[in-house]
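**Q** My structure is below; once you've seen it, I'll send some questions.
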């Protein structure tokens with residue numbers, strides 16, 4: 001087939017248009033989130049003392065930090081699937097929620113006696129946290145990867161990793177409503193570990209699924 | 001391209017042809033540097049154009065088109081070189097020429113796209129062939145193939161999408 005012929009066919013197909021990823025990814029993610037919410041309602045549910053907990057800074061910080069991570073990561077995932085789109089400032093933007101978590105950890109270390117550090121870090125719910133966050137993240141990750149397949153990531157593993165970070169952050173924000181461990185020491189350790197697992201899964205899946 | 005995205009088919013046609021002209025020289029240089037035959041270059045140009053078409057919704061009209069096209073061209077060229085067993089790690093900064101070189105499409109070749117076309121399901125193959133190779137209009141082609149215009153448009157779209165997918169799945 002001559003290139004001329006190909007161009008003719010492509011021009012004839014010009015009317016069919018797909019939604020941009022900045023729309024398609026959040027729509028798909030919302031469907032994934034609905035599944036995650038159902039899982040949360042059935043398997044976990046909010047902690048019984050959520051009304052009083054919501055008045056403490058330690059508790060409120062958790063969903064705020066995770067929400068910030070989710071917002072930066074979802075924009076990053078979209079950009080990584082758009083060839084030639086600038087991403088450097090967004091990657092640097094991840095420092096904002098990470099910095100907030102760092103400040104919270106520092107403040108915790110400064111205000112809590114060192115004998116308490118170990119107990120707060122280990123917490124009471126570590127294993128539930130490590131299982132729940134990846135489990136709640138799974139439907140969001142599947143939906144995000146499905147949407148990203150319409151994209152054109154030059155680095156498929158990177159786009160998959162960003163989708164993993166987004167999914168894990170959404171899941172963590174949700175899980176935070178159940179989790180009884182509010183210490184930033186716990187969050188920085190176990191939430192991060194759970195997130196790393198999901199990011200790795202996203203990168204691996206992305207490398208296979210997001211090639212084009 | 002902005003006009004083309006707004007649904008102007010003629011502008012899109014011009015835009016794709018302009019891209020082909022700008023791509024040809026750089027792709028040929030990259031292919032030869034990787035130790036492959038220059039005759040493969042047009043296959044790669046066609047693959048890039050197909051990718052441009054199938055992924056055109058990933059271009060944000062608020063951004064310049066150059067970096068977008070260059071990123072797609074690089075990606076597809078590297079992919080094509082790797083698949084054909086060429087030398088990897090060739091610098092590819094200049095796949096897209098800034099100035100269109102007076103390069104002509106090579107005359108007669110059995111392109112890779114033709115082989116990919118032969119593997120399409122019959123309906124999609126007929127649609128792509130009628131519109132592309134025979135240059136028929138939708139209404140003429142639909143009459144000839146005994147189908148509706150709408151069905152033909154769908155078959156063409158699916159066929160092109162499948163061509164794009166099979167391109168990188170070939171090993």
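Think of each number as a place in line: the chain as shown, counted from 1.
Glycine is treated like the rest: Cβ placed from N, Cα and C.
Automated prediction, rather than curation, is the source of TrEMBL annotations.
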**Q** In TrEMBL, which of A:111-129, A:130-148 is labelled transmembrane segment?
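**A** Going through A:111-129, A:130-148 one by one, TrEMBL gives transmembrane segment for A:130-148.
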**Q** Go through A:21-44, A:56-78, A:130-148, A:160-178 and flag the stretch with the largest number of C-beta pairs under 8 Å relative to the transmembrane segment (A:90-110).
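**A** Per the Cβ under 8 Å count, A:56-78.
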**Q** Is the transmembrane segment (A:160-178) packed against any residues at least 6 beyond its ends, judged by a Cβ distance under 8 Å, and which are they?
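**A** Apart from its flanks, the transmembrane segment (A:160-178) reaches 29, 32-33, 36-37, 40, 44-47, 50, 59, 62-63, 66-67, 69-70, 73-74, 76-77, 80, 129, 132-138, 140-141, 144-145, 148, 153, 187, 191, 194-195, 197-207, 209-210.
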